[in-house]
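Features reported for this protein in Swiss-Prot:
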- CYS38: heme c binding site (BINDING)
- HIS89, HIS190: heme b 2 binding site (BINDING)
- HIS103, HIS205: heme b 1 binding site (BINDING)
- 35-55: transmembrane segment (TRANSMEM)
- 93-113: transmembrane segment (TRANSMEM)
- 119-139: transmembrane segment (TRANSMEM)
- 189-209: transmembrane segment (TRANSMEM)
Amino acid sequence: MANSSSVYDWFQERLEIQDITDDVTSKYVPPHVNIFYCLGGITLVCFLIQFATGFAMTFYYKPTVTQAYNSVSYLMTDVSFGWLIRSVHRWSASMMVLMLILHVFRVYLTGGFKRPRELTWVTGVVMAVITVAFGVTGYSLPWDQVGYWAVKIVSGVPAAIPVIGDFMVELLRGGESVGQSTLTRFYSLHTFVLPWSLAVFMLMHFLMIRKQGISGPL
């Protein structure tokens with residue numbers, strides 16, 4: 001017991017752990033806060049589940065047009081609890097989108113976007129866009145008929161934009177047509193670019209909430 005106390009004292013002297021703990025655990029919660037104010041936190045939990053299950057699947061998934069579908073089939077049928085990992089990933093993705101939509105509605109209806117919380121709202125909107133991008137890129141990774149044609153349609157949408165439309169289509173596809181380069185880019189976006197982008201904006205979002213507190217009632 002004395003050893004654990006001395007270890008704690010060592011860290012306390014250098015990092016002031018107790019002050020951090022007191023700040024986290026003693027934050028004032030306004031009396032008007034109810035269960036609907038937990039929707040943002042539930043969205044965060046869904047993201048963490050997505051991260052954990054997605055990381056687990058990267059050990060088996062092969063991002064090539066010839067092996068992607070078979071690797072997903074192998075995960076679902078031969079890997080122990082692979083079906084459960086992928087199913088939880090898919091279910092938590094749907095839950096994350098639903099909780100995000102409800103969270104946006106709650107913030108809007110309670111006026112949480114108003115001054116001085118405009119930047120908190122902006123970071124939230126950016127995270128909503130990133131979440132949609134997660135869905136689009138993840139949908140394609142099994143590289144089945146549904147995934148292939150979804151990518152072909154989605155990546156072709158920017159073609160309607162004047163001047164830069166064709167360039168954006170080629171940037172998304174990695175060439176003139178949908179193929180290996182497209183799958184590689186979508187896989188990179190889904191497993192690296194988007195998660196880190198979302199994590200950065202989440203940190204900004206939470207720090208601003210921490211600084212400004214929860215918005216008051218209507």
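Backbone N, Cα and C define each Cβ position, glycine as well.
With respect to CYS38 (heme c binding site), the closest of these binding-site residues in Cα terms is HIS103, chosen from HIS89, HIS103, HIS190, HIS205. Here the binding-site residues are HIS89, HIS103, HIS190, HIS205, and the one whose Cβ sees the fewest other Cβ atoms within 10 Å is HIS89. Away from its own ends, the transmembrane segment (93-113) comes close to residues 36-37, 39-40, 42-43, 46-47, 50, 120-121, 124, 127-128, 131, 134-135, 138, 215, 217-218 of its chain (Cβ-Cβ under 8 Å, at least six residues beyond either end). Rounded to a whole value, the Cα-Cα separation of HIS103 (heme b 1 binding site) and HIS89 (heme b 2 binding site) is 20 Å. Residues of the same chain lying 6 or more positions beyond the ends of the transmembrane segment (119-139) and with a Cβ under 8 Å from any Cβ of it are 50, 93, 96-97, 100, 103-104, 107, 112-113, 146-147, 150-151, 154, 186-187, 189-190, 194, 197-198, 201-202, 204-205, 208-209, 212. If you measure from the Cα atom of HIS205 (heme b 1 binding site) to that of HIS190 (heme b 2 binding site), you get 21 Å.
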